[in-house]
Amino acid sequence: MSLTIAIVGRPNVGKSTLFNRLVGQKLALVDDKPGVTRDRRVHAATLQDLRFDVIDTAGLEETGDHTLEGRMRAHTKAAIDEADLILFVFDAKSGITPSDLNFASLVRKSGKPIVLVANKSESKAAIGGEYEAWSLGLGEPCSISAEHGLGLSDLRDAIMKASGGERIFASKNQEEHIALQSASLDDYIDNLEEKGDVYDKSKPLRIAVAGRPNTGKSTLINRMLGQDRLLTGPEAGLTRDSISVDWEWRGRHIKLFDTAGLRRKSKIQEKLEKLSVADTLRAIRFAEVVVIVFDATTPFEKQDLQIADLVIREGRVPLIAFNKWDLIENSQATLVDLHEKCIRLLPQVRGLRAVPLSGQYGQGIDKLMENVMMMHRVWNRRISTGKLNRWLETIVAHHPPPAVLGRRLKVKYVTQVKTRPPGFVFSCSRPKLMPQSYLRYLSNELRNTFDMPGIPIRISLRASDNPFATRSKKK
């Protein structure tokens with residue numbers, strides 16, 4: 001069993017910087033502004049020869065339980081309960097504050113082993129803060145600089161001493177797991193795409209939950225998980241980082257990604273929000289299925305349509321969730337109207353799946369997941385070249401390509417070159433002159449004949465002959 005370590009402390013002491021240093025990549029958003037981290041994030045980490053899971057937490061603040069900061073503190077307390085060991089981080093440059101003293105008392109009451117971490121110790125001004133740290137009653141401070149990577153050997157030794165050294169030396173399997181998690185997201189995506197197209201139920205299905213702010217994305221995920229894992233509330237823009245959580249639905253392992261709400265580009269001014277948006281876009285690209293959460297009381301706003309278009313252009317499986325369905329009075333008539341709008345406003349993908357649900361009460365979640373599983377299989381579908389070319393012969397005979405500059409265009413051959421999403425290459429004469437209307441015809445006929453509704457389909461053209469024609473000539 002692996003060791004779990006929680007990083008706690010007041011805001012802006014460098015917890016997320018230390019988290020990023022331990023996991024080997026910039027997963028948590030970092031900014032000079034206090035209170036950047038709101039949800040707790042768990043990830044596999046490495047420190048020299050030690051292997052463990054680390055939890056990044058929101059900064060502890062003294063405030064009422066029902067405020068945003070109070071709800072964040074409750075999530076940090078949950079992380080302390082989950083952890084086997086606590087890294088209590090303070091800002092050695094600023095010295096010990098009354099908040100540090102109060103929160104040190106809270107951490108001591110947990111009864112967990114604690115390592116006191118004096119961060120930002122690269123400055124001479126930090127010496128005074130390190131002396132003051134003895135007043136916390138947490139033992140000798142371990143001096144580090146998370147930003148510059150200084151003092152990590154001392155931190156490794158302190159963790160070993162506090163934990164007793166058990167459960168934190170990596171086996172070969174753990175090392176492979178860490179190497180995979182520490183790779184860049186782009187490299188991981190490329191690696192997945194190179195491994196082939198066989199549908200494998202044993203691999204976790206990656207689902208991102210996206211949408212504009214305050215549509216109920218985090219509430220929906222909490223209801224799926226059956227626990228208040230993610231911070232929720234009436235405030236718009238609560239989620240900042242893209243947080244991944246593990247879930248199981250009917251025996252299938254799922255990795256869910258909660259994402260920050262996407263606003264119109266013209267409204268995004270702060271650096272922190274720009275970082276959140278970039279994190280959300282990466283989560284969408286990393287996902288296989290993207291559940292786009294619409295507020296059923298105000299659906300199909302311009303931003304909703306732009307997010308759906310983004311998901312389609314990225315080649316992910318788009319699936320719309322009409323959330324807050326419990327607030328809709330005439331549900332049957334509303335659903336008919338919404339489905340008609342889906343067809344009219346999102347023509348890029350015919351047969352787009354849309355499911356009404358209530359994240360607050362859990363209604364419609366099974367229906368949503370049934371559609372997710374079905375569309376994910378379609379997204380992975382591969383069609384034999386023989387079937388494709390028999391289909392091509394039929395549809396070209398029924399509706400041949402148009403004539404351009406006095407000569408009829410010819411489509412001679414088709415093959416599927418990839419899945420996830422399905423991609424097809426058509427061999428034809430003069431591909432640059434093929435009109436978009438005929439490409440749409442090919443795409444729609446592919447959907448109808450091979451039952452591929454609701455997913456992006458990629459079509460490309462090339463000017464080359466049927467490879468079988470060359471063989472027949474040689475004979």
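Any Cβ shown, glycine's included, is placed from N, Cα and C.
Gly9 (GTP 1 binding site) counts 27 other C-beta atoms within 10 Å of its own C-beta, drawing on all protein chains shown. Here Swiss-Prot flags 9-16, 56-60, 119-122 as GTP 1 binding site, drawing on sequence analysis.
Feature annotation from Swiss-Prot assigns GTP 2 binding site to 211-218, 258-262, 323-326. The Cβ neighbour count for Lys217 (GTP 2 binding site), using a 10 Å radius and every protein chain shown, is 29.
Per Swiss-Prot, the feature domain 'EngA-type G 1' maps to 3-167.
Positions annotated as domain 'EngA-type G 2' by Swiss-Prot: 205-380.
Residues or ranges marked as domain 'KH-like' in Swiss-Prot (evidence: sequence analysis): 381-465.
Residue with the densest Cβ environment among the binding-site residues Asn12, Thr57, Ser121: Thr57, by other Cβ atoms within 10 Å.
The distance from the Cα of Ser121 (GTP 1 binding site) to the Cα of Thr259 (GTP 2 binding site) comes to 33 Å. DSSP states for the domain 'KH-like' (381-465), grouped as helix (H, G, I), strand (E, B) and coil, give 32 helix, 23 strand, 30 coil. Ranking the binding-site residues Gly211, Asn214, Thr259 by Cα distance from Lys15 (GTP 1 binding site) puts Thr259 first. Least crowded of the binding-site residues (Lys15, Asn214, Thr259, Leu262), judged by neighbouring Cβ atoms within 10 Å of its own Cβ: Asn214.
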